[in-house]
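These notes are about the structure you will find just below.
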Amino acid sequence: MTVRNLFLLPGDGIGPEAMAEVRKIIAYMNAERDAGFVTDEGLVGGSAYDAHGAAISEGDMAKALAADAVLFGAVGGPKWDAVPYEVRPEAGLLRLRKDLELFANLRPAICYPALANASSLKPELVEGLDILIVRELTGGVYFGEPKEIVDLGNGQKRGIDTQVYDTYEIERIAGVAFELARTRNNRVCSMEKRNVMKSGVLWNQVVTETHKAKYSDVQLEHMLADAGGMQLVRQPKQFDVIVTDNLFGDMLSDVAAMLTGSLGMLPSASLGAPDAKTGKRKALYEPVHGSAPDIAGTGVANPIAMIASFAMCLRYSFNLVKEADDLEKAIANVLDQGIRTGDIMAEGCRKVGTAEMGDAILAEFKSLSA
């Protein structure tokens, strides 16, 4: 039996409650489908600070590095607002991304048909929407040097950020996008600002060359990032996979997420480079939503984003494509049945809590797996 090592970091706020629903699915898959998941659990964020004085301990960091994949809940809350900057809860996530060398951020924008009316756009524009935004996560203007505020000595100051990309950084993120497109609808749209930015010129050139050399079977389109934002709102279903840099990816993924009308239900993944020996990538999966400390412990949190993040984990880290498809279909079926947590409640639907939503999805998953 294949052993699949999964490290769970529930974190703070609603993270532990949402993670509990994933544990139910893992237990079922191990018991009934010989999935071979071996799980360990650690602390991250505020809970880690309370226990260790750090946003993640060295021991848990070592476990994350040794695992096949990390499933992450959420971090932060008002309790830790006054802790030193370097050990703030969010520093745990940043440390994981850095030490695992996660350079590719995958943000799906999926509009479940049952929730199409929740979007701010017309339902016909977003119903069935399924976009994947691939964002470069470790380069660009967020990390380029120099990065400083300079006192000019005349009562004026100058803020400096530096947008920097090397060829290899663009090649590897483009490769991820093209490979993912091959598993979807075989289309990639690369977005940059080559009309005003030299980094955009290089981005365009390298993506084009990478496509020609290795991925000519995939349909490639180039679009200026500002035009891409407009097209996401105008006609979002024209896109399949979008690949872009750190800054534009940060913005465009949030725009795309809001098209679905359910930002709090969306998953994400961050991937590293393939291991030279095994070909496996380090990976971290997490819901887009925050820790929601105001509802933590009340049993009303929506676990769908956490469960959908586990579905991404099944697909991208363990190549359990059928199981991932079934789990995503189970979520859609439960929503079609009118089952809702409070955050997505609508007239004529049945309101449930965290555990009942998780149980409903698990029951549907079991029926699809039979």
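For all residues, glycine too, the Cβ spot is worked out from N, Cα and C.
Following the DSSP three-state reduction, the secondary structure of G77 (NAD(+) binding site) is coil. Just so you know, the Cβ of G77 (NAD(+) binding site) picks up 20 other Cβ atoms within 10 Å once every protein chain is counted. According to Swiss-Prot, the NAD(+) binding site annotation covers 77-90, 290-302.
The substrate binding site annotation in Swiss-Prot covers R97, R107, R135, D226 and is backed by sequence analysis. The secondary structure of R97 (substrate binding site), as reduced to three states from DSSP, is helical. Counting only same-chain residues at least 6 apart in sequence, those with a Cβ under 8 Å from the Cβ of R97 (substrate binding site) are L137, T138, S270, L284.
Taking all protein chains in view, 15 other C-beta atoms sit within 10 angstroms of the C-beta of Y142 (site 'Important for catalysis'). Under the heading site 'Important for catalysis', Swiss-Prot lists Y142 (among others).
The site 'Important for catalysis' annotation in Swiss-Prot covers K193 (among others) and rests on sequence analysis. If you take the C-beta of K193 (site 'Important for catalysis') and look for same-chain residues 6 or more apart in sequence within under 8 angstroms, you find G200, L224, A225, D226, F248.
What Swiss-Prot records for D226, D250, D254 is Mg(2+) binding site, and it gives sequence analysis as the kind of evidence. Counting only residues at least six positions away in the same chain, the Cβ atoms of R135 sit under 8 Å from the Cβ of D250 (Mg(2+) binding site).
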Residue, out of the binding-site residues A292, A296, whose Cβ gathers the largest set of other Cβ atoms within 10 Å: A292
Of R107, R135 (the binding-site residues), the residue whose Cβ has the fewest other Cβ atoms within 10 Å: R107
CB-centroid shell, 8 A cutoff, Mg(2+) site D226, D250, D254, site residues removed: A225, G229, L247, F248, G249, M251, L252, S253, V255
Neighbourhood of V300 (NAD(+) binding site), C-beta criterion under 8 angstroms, separation at least six: T341, G342, G353, T354
In sequence order, the recorded positions (G77, Y142, D254) whose C-alpha falls within 10 A of R107 (substrate binding site): D254
Least buried by Cβ count (within 10 Å) of the binding-site residues D81, D226, D254: D81
